[in-house]
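Below you'll find the structure, written out as structure tokens, and then a few comments.
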Amino acid sequence: MRFCVFGFLSLFLIVSPASAWFFPNSTAVPPSLRNTTRVFWDAFSNFTGCHHGQNVDGLYRIKKYFQRFGYIPETFSGNFTDDFDDILKAAVELYQTNFNLNVTGELDALTIQHIVIPRCGNPDVVNGTSLMHGGRRKTFEVNFSRTHLHAVKRYTLFPGEPRWPRNRRDLTYAFDPKNPLTEEVKSVFSRAFGRWSDVTALNFTLSESFSTSDITIGFYTGDHGDGEPFDGVLGTLAHAFSPPSGKFHLDADENWVVSGDLDSFLSVTAAVDLESVAVHEIGHLLGLGHSSVEESIMYPTITTGKRKVDLTNDDVEGIQYLYGANPNFNGTTSPPSTTKHQRDTGGFSAAWRIDGSSRSTIVSLLLSTVGLVLWFLP
């Protein structure tokens, strides 16, 4: 028996072993995924208006959020209560300062709206010192009875200013072999590395050896063994460790868009631009911390439906402080050249997943959308 497929294909799903969803552009994201919620984080909206002195059911969850990103030290690892206490008030004030919000110490609407935005999993505060303010030698000290609010907007570095040693300016990177990525996906990372090498004295080369590469990249779900578990769709998107660790992990549960077509992307609330996240996390791999400059690549959050890949002066100054300037850098950043093959997605939109498991609902949606007509011929 011959099996023939005839139909007008508008969408096509490719399923392969490993773990992540990729879409070539935002129009390939099915309607059912365009308004996916952030699950646990969206519930934080219930705390809008909470302030010091109140006891609100479930408020301990937002304390855990702040602890995850460093605003509450690990020393407060006991059972959190639902009291809006001094510890939470100090955390809220520091968060508001870091993100240039009105410092009220309350969970006002703007603060909650910002908290639920998808973000990098790296902390903003380490050992009581904010990484988002103060530049390379000025720190932003946190006292949990009083928050010092003086700060200077500037790029920041990890504590101790770790960086790749001078004899390692040609770095290799490799993908976890458990993630059989397509060339289109790999090219996204190549472009992201190129944005940093364009401005500084570093070179990046793709390697086939995951075990010996300087930088290792993988897509994982949930608890994947590094103490920084992922949380499903949206929420924390990725994290990377400071030099010379080289570990770069992305959440495989996200809906990753490989080619950012900004106009149509704006209406997609559950898809994330892969290159935008990759450029940010590479900054961490090279030694940059989070910046309070909202336009910078190293700003911790990125809204869905947004593409943000161009380095700002803040990013360039930070990376050149660590490694010096690329002698060919002319003072401006521009997108890497793109081949025609990378620009064109053909006459149809494709989505592919690297995972042995599959989202049956997505498969059925795709099949119903494409208008397939199946003919079985003897």
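Glycine too: its Cβ is placed from the backbone N, Cα and C atoms.
Annotated features in Swiss-Prot:
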{"type": "ACT_SITE", "residues": "GLU281", "note": "active site"}
{"type": "BINDING", "residues": "CYS120, HIS280, HIS284, HIS290", "note": "Zn(2+) binding site"}
{"type": "CARBOHYD", "residues": "ASN25", "note": "N-linked glycosylation site"}
{"type": "CARBOHYD", "residues": "ASN35", "note": "N-linked glycosylation site"}
{"type": "CARBOHYD", "residues": "ASN46", "note": "N-linked glycosylation site"}
{"type": "CARBOHYD", "residues": "ASN79", "note": "N-linked glycosylation site"}
{"type": "CARBOHYD", "residues": "ASN102", "note": "N-linked glycosylation site"}
{"type": "CARBOHYD", "residues": "ASN127", "note": "N-linked glycosylation site"}
{"type": "CARBOHYD", "residues": "ASN143", "note": "N-linked glycosylation site"}
{"type": "CARBOHYD", "residues": "ASN203", "note": "N-linked glycosylation site"}
{"type": "CARBOHYD", "residues": "ASN330", "note": "N-linked glycosylation site"}
{"type": "MOTIF", "residues": "118-125", "note": "motif 'Cysteine switch'"}
{"type": "SIGNAL", "residues": "1-20", "note": "signal peptide"}
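Locations of recorded Swiss-Prot features on the structure.
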{"residue": "ASN46", "record": "N-linked glycosylation site", "contacts (Cβ under 8 Å, 6+ apart)": "GLY58"}
{"residue": "ASN79", "record": "N-linked glycosylation site", "contacts (Cβ under 8 Å, 6+ apart)": "TYR60"}
{"residue": "ASN102", "record": "N-linked glycosylation site", "contacts (Cβ under 8 Å, 6+ apart)": "GLN96, ASP108, LEU110"}
{"residue": "CYS120", "record": "Zn(2+) binding site", "contacts (Cβ under 8 Å, 6+ apart)": "THR236, LEU237, ALA238, HIS239, VAL277, HIS280, GLU281, HIS284, HIS290, PRO300, THR301"}
{"residue": "ASN127", "record": "N-linked glycosylation site", "contacts (Cβ under 8 Å, 6+ apart)": "PRO73, PRO159"}
{"residue": "ASN203", "record": "N-linked glycosylation site", "contacts (Cβ under 8 Å, 6+ apart)": "ARG169, ASP170, LEU171, SER197"}
{"residue": "ASN330", "record": "N-linked glycosylation site", "contacts (Cβ under 8 Å, 6+ apart)": "none"}
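In the three-state DSSP reading, ASN203 (N-linked glycosylation site) counts as strand.
Neighbour count (other Cβ atoms within 10 Å of the Cβ, all protein chains): 19 for ASN25 (N-linked glycosylation site). Cβ neighbours within 10 Å of HIS284 (Zn(2+) binding site), excluding its own Cβ and spanning all shown chains: 24. The number of other CB atoms found within 10 A of the CB of HIS280 (Zn(2+) binding site), across every protein chain shown, is 28. The Zn(2+) site, placed at the center of the C-beta atoms of CYS120, HIS280, HIS284, HIS290, has further neighbours from the same chain whose C-beta lies within 8 angstroms: ASN122, HIS239, ALA240, GLU281, GLY283, LEU288, GLY289, MET298, PRO300. The residues of the motif 'Cysteine switch' (118-125), classed with DSSP into helix (H, G, I), strand (E, B) and coil, number 0 helix, 2 strand, 6 coil. DSSP assigns HIS284 (Zn(2+) binding site) to a helix. Note on the motif 'Cysteine switch' (118-125): its mean pLDDT in the predicted model is 94.
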